[in-house]
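Read through the structure below, which is laid out as structure tokens, and then see the notes.
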Amino acid sequence: MSYSQQVNKRRTFAIISHPDAGKTTITEKVLLYGNAIQKAGSVKGKGSQAHAKSDWMEMEKQRGISITTSVMQFPYHDCLVNLLDTPGHEDFSEDTYRTLTAVDSCLMVIDSAKGVEERTIKLMEVTRLRDTPILTFMNKLDRDIRDPMELLDEVESVLKIRCAPITWPIGCGKLFKGVYHLYKDETYLYQSGQGHTIQDVRIIKGLNNVDLDRAVGEDLARQLRDELELVKGASNEFDHDLFIRGELTPVFFGTALGNFGVDHFLDGLTQWAPAPQARQADCRLVESAEEKLTGFVFKIQANMDPKHRDRVAFMRIVSGKYEKGMKLKQVRLGKEVVLSDALTFMAGDRSHAEEAYAGDIIGLHNHGTIQIGDTFTQGEDLKFTGIPNFAPELFRRIRLKDPLKQKQLLKGLVQLSEEGAVQVFRPLTNNDLIVGAVGVLQFDVVVSRLKSEYNVEAVYETVNVAAARWVECSEAKKLEEFKRKNEQNLALDGGDSLTYIAPTMVNLNLTQERYPDIQFFKTREH
């Protein structure tokens, strides 16, 4: 197979949803269809049952939430699909945000009983920054749901994206009978209790087929025909160009738990979603068709293998082909590295990659030299842009139960901050360690991982910090004066960047007014 054929058969996507909309269940079922697992695990991991394959960190298993982004690759039809699983819990915006910079399309999962929820709105704002194409799955049809037309209207008005229904539900809850495919003129009948394995679904051709009335009952069949009249008149036709521009989303209905409808959106994904796209670097646009390898690191994860103290950097390949043993330039450090043991993923199971192409995600072993945002090339000096770091909104001081373990604590915190799990600030005037996060759950994650991975017991104390801003100034003299006068409020972050730590928002505003030549940044490029 030629290089361009290899690239064109790849689809790299992420699933976005509000917590509890059924994302982990969908991930499981997608893997089931991709033959990546034989039987879907029970998602919340109750006692002896199988844990969901994509939730493999200790704390995730206990809480039933996906905390870190795993990567799973599987074949489907003629395509090779890379699924990046994003944390579903509302606390995890940074990791999720960066993951969305590494995909070419997204599947939005909506709980049909609840409609569009707050977390979905936030994630959609992120996908808007790059006009990522979106497919939509209306989930939980085996429960009582809101009116399907109402759901489409809500998506259109709240998320500002046009909807084109591809399938349409027949009943819901206990009366859920299946879906009708608007473009194939076929009805797929639902059987309950078949969630763990793939079933043969009965298909009825034609909307006016009498078999349809027999299968779903005359009332539901009549209701379906009436609704479809309305749908065809009131909703948008699917338009591929609008979809690629992120202006229109194809909508599928089903139930992930009942394993029904999942294959319909997978068909849509492989048929319509874009193959790996070009990406902007600081000096030029890099096309996926280029044969020289380029890629960027969007995430670092510690200890994917509890047996080894390792860290893995996740790299999205933008162009070219990875081959075992090849030499690459790590642009930030200006040094050559030999990649002999990159990994491919099936969540938690790792296998060594012999080759990988544009669109694929590979794992690089990292002994502290790779950071989020690093670019790797075959010699060219370029840096991919658009991988952000956010100023945290919540702060705690972290204190050791055993003061002799200061060194391990610092090492653990710096590693966790490079991974993007949390941010660490070391004030210039004392030995405190201040931890900053975007959401409360991150604090729990850090303490639990310090204990299980670094054998360090730590506790939090409140700290008088309301905001952190990265500071820069083009004139060294003015920066020195600023440092001298504000030393009490300055710290270094995990990457040794100078940060202003404000006790109150009023203080921050006053300081910004007092020093107009100093720039205060809320986000910064990695």
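Glycine residues also receive a Cβ, built from the backbone N, Cα and C atoms like all the rest.
Taken straight from Swiss-Prot:
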- 17-24, 85-89, 139-142: GTP binding site (BINDING)
- 8-277: domain 'tr-type G' (DOMAIN)
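Over all protein chains present, the Cβ of S17 (GTP binding site) has 24 other Cβ atoms lying within 10 Å. T86 (GTP binding site) has a Cβ environment of 25 other Cβ atoms inside 10 Å. For the domain 'tr-type G' (8-277), the model gives a mean pLDDT of 85. All protein chains included, K23 (GTP binding site) registers 28 other Cβ atoms within 10 Å of its own Cβ. Cβ neighbours within 10 Å of L141 (GTP binding site), excluding its own Cβ and spanning all shown chains: 28. A strand conformation is recorded for S17 (GTP binding site) in the three-state DSSP classification. Classification of T86 (GTP binding site) by DSSP places it in coil, neither helical nor stranded.
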